[in-house]
Amino acid sequence: MRILGIDPGLQTTGFGVVDVDGHHLSYVASGTIRTTGAALGDLPGRLKILFDGITEVAARYQPDVATVEIVFVNVNPQSTLLLGQARGACVTALVASRLPVAEYTALQMKKAVVGHGRAAKSQVQEMVRRLLQLPGLPGTDAADALGLAITHAHAGAAMARLGEATSLNRRQHAMYRSGRAL
């Protein structure tokens, strides 16, 4: 299974692509989409850059599923609203590309990748490097996106074990595997 992770941001959005075969994770690609091509106050222009960039990444790498970080509400409500719009452009591009979309919080991703939810960005970068056997540290946005893909790989494996263990979860497991529920 090929998983595309997206770490949304209005200025810089990270993406990471990971192949999963059983318990084996393989790095495919990662990078960032920068909206600096649009004027600072041109929100619609920035959102279009994100939409087009995510659409291009999805077409190039042909993932089976995508995962996006859930926006947290921070101290500045205006920043939260802007980030939410950037995230919306990313999710819309994924759905337009006919991809099922899973969502995880930063805390869930950090816990899955590092082992605890309060991990620093540098810890996420290092663990992503180790888990994917990369020669160097990925950038922070790309590392978060790769971390989201790794998180979904782990969640998918856990759901598979759960689905096999109990007959009550077989229908839910099938829905999860098809991307209709999460």
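We number each residue from 1, going along the chain as drawn.
The backbone N, Cα and C atoms fix where each Cβ goes, and this holds for glycine too.
As written in Swiss-Prot, here are the features:
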type: ACT_SITE; residues: Asp7; note: active site
type: BINDING; residues: Asp7, Asp141; note: Mg(2+) 1 binding site
type: ACT_SITE; residues: Glu69; note: active site
type: BINDING; residues: Glu69; note: Mg(2+) 2 binding site
type: ACT_SITE; residues: Asp141; note: active site
At a 10 Å cut-off from the C-beta of Asp141 (Mg(2+) 1 binding site), count the other C-beta atoms across all protein chains. 24
For Asp141 (Mg(2+) 1 binding site) and Asp7 (active site), determine the Cα separation and express it in whole Å. 6
Return one of helix, strand or coil for Asp141 (Mg(2+) 1 binding site), based on DSSP. helix
In Å, rounded, how far does the Cα of Asp7 (active site) sit from the Cα of Glu69 (active site)? 6
Residues near Glu69 (active site) by Cβ (under 8 Å) yet at least 6 apart in sequence within the same chain, in sequence order, are Ile6, Asp7, Pro8, Arg87, Glu103, Tyr104, Thr105, Ala106, Met109, Asp144, Leu148
Let me check the 10 A CB neighbour count of Asp7 (active site). How many other CB atoms are there? 26
